[in-house]
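Comments concern the structure below.
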Amino acid sequence: MSANPAAPSPVDYLVRARWIVPVEPEGAVLEDHAVAVGAGRIVAVEPWSALRPRHPEAAVIERPRHVLIPGLVNAHTHAAMTLLRGLADDLPLMTWLQEHIWPAEARWVGEAFVHDGTLHAVAEMLRGGVTCFNDMYFFPEVTARVAAEAGLRAVVGLIVIDFPSAWARNADEYLAKGLELHDAWRNHPLIRTALAPHAPYTVADAALERVRVLADELEIPVHIHVHETAEEVARAVAETGERPLARLDRLGLVSPALLAVHATQLTPAEIARLADAGAHVVHCPESNLKLASGFCPVQALAEAGVGLALGTDGAASNNDLDLLGEMRTAALLAKAVAGRADALPAARVLAAATLGGARALGLEAEIGSLVPGKAADLVAVDLGAPETQPVYDVISQLVYAAGREQVTDVWVAGRPLLRDRVLLTVDEEAILVRSAQWARRIAAPPGEAAP
Ligand SMILES: CSC[C@H]1O[C@@H](n2cnc3c(O)ncnc32)[C@H](O)[C@@H]1O
Ligand SMILES: [Zn+2]
């Protein structure tokens with residue numbers, strides 16, 4: 001595969017790996033191939049024996065025990081919540097949110113919290129092979145700045161929620177500030193925006209209508225928690241007679257722009273409607289399991305042709321930002337839920353964690369697979385350790401046996417951000433010091449200063 005043979009593009013370096021899994025076509029495995037990278041883009045993915053003679057001057061990065069995959073796309077998270085990891089565990093969603101997380105956020109969330117928490121998340125995600133994350137949190141301009149400075153991609157949520165926070169007082173102000181943010185970052189190569197109304201139960205119709213109009217006008221995605229639990233749906237039906245997804249549909253939000261996060265409660269008619277509309281579901285299996293929220297029917301969604309992406313959710317409900325691990329959980333859980341061992345096979349779940357996320361975020365032309373012309377967002381995973389040997393099937397090894405600690409190198413737009421497990425653009429030690437300081441303050445009893 002080459003970009004355009006008539007006009008050869010300049011090549012800066014070649015990454016040669018034992019295996020390359022380009023994700024397009026799904027399930028393909030290339031042995032002893034290399035990716036040629038020029039000006040931050042993939043110029044070619046070809047056998048080493050063909051590529052090297054054409055680019056004898058190019059620098060070479062050899063990864064002889066590794067598989068090279070596209071950067072992972074974490075399609076739903078709240079990055080700054082790394083600072084609340086482990087604060088409140090073993091609770092159901094609404095108790096967790098209302099009695100623990102929202103009070104903690106009301107007390108602690110500000111620019112410094114979002115800066116330090118997001119930086120911590122960026123370090124964790126890069127070390128796990130995530131090169132793009134779709135975020136929903138307060139102070140999104142801080143999230144955008146942290147991601148841009150670290151050099152990874154972020155889709156930053158223009159959040160809306162019907163309660164005041166340190167960032168905005170009401171839906172009008174959330175949206176006004178979101179629009180400012182959208183304008184400020186519109187030409188940045190790594191940062192995009194999405195409208196991010198929190199959930200049907202926290203955003204009124206009037207604001208959701210404005211979200212729909214803005215999404216159409218700006219041509220950006222709409223990212224929302226929906227049908228996360230049976231309780232959410234039952235309460236909406238009891239109060240309004242309408243299921244939340246039906247309400248979103250009535251307001252014009254069920255469209256190709258929709259990222260429906262969680263979606264554990266779906267009737268066959270709702271699955272058909274999501275498919276018909278071209279909407280996307282973001283599956284967050286570990287958060288759903290931990291909060292006992294329910295099971296997303298991924299096999300039924302796949303059979304209906306609904307686009308599937310994968311997310312970790314925040315570190316306060318997961319409790320990690322490990323998308324490689326999330327792939328494994330998703331694949332295993334799908335089998336248990338569908339009662340079929342062939343549900344969500346390894347190649348399909350890898351596609352969900354890469355191309356599926358890229359598609360949901362409107363970034364398919366740019367990222368999600370190793371195809372000439374796309375950005376060089378690459379991840380090398382070392383399969384040489386005993387834990388991942390012997391190798392019969394590389395993709396199965398990656399999904400069912402590999403751990404994120406086997407990610408050795410990460411490039412975004414051709415720029416190395418992790419080399420031999422060392423972060424190159426963020427100061428890991430300083431992050432850990434800051435996070436420990438936050439934890440001491442947050443854990444201190446109210447009224448007492450942190451030790
Ligand atoms: C408006 S900023 C995002 C808001 O969402 C909260 N949150 C984190 N995880 C979940 C979840 O699984 N369901 C619903 N809301 C969640 C987070 O704490 C922020 O307040
Ligand atoms: Zn969430």
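A Cβ is built for glycine as well, from the same backbone N, Cα and C atoms used for every other residue.
Here TrEMBL has HIS76, HIS78, ASP313 binding Zn(2+), and the candidate from HIS182, HIS225, HIS227 in that same listed site is HIS225.
Taking a Cβ cut-off of under 6 Å from any atom of ligand 2, the binding-site residues HIS198, GLU228, ASP313 reduce to ASP313. For the domain 'Aminodeoxyfutalosine deaminase/Imidazolonepropionase-like composite' (34-58), the number of residues in each DSSP class (helix H, G, I; strand E, B; coil) is 7 helix, 12 strand, 6 coil.
Around ASP313 (Zn(2+) binding site), the same-chain residues six or more apart in sequence whose CB sits under 8 Å from its CB are HIS76, THR77, HIS78, VAL261, CYS284, GLU286, SER287, listed in sequence order. Other C-beta atoms found within 10 angstroms of the C-beta of GLU228 (substrate binding site) number 27, with every protein chain shown included. Sequence-distant neighbours of HIS198 (substrate binding site) (same chain, 6+ residues apart, CB-CB distance under 8 A): MET136, ILE159, VAL160, ILE161, ILE224, HIS225. Its own atom aside, the Cβ of GLU105 (substrate binding site) has 20 Cβ atoms within 10 angstroms in the protein chains shown.
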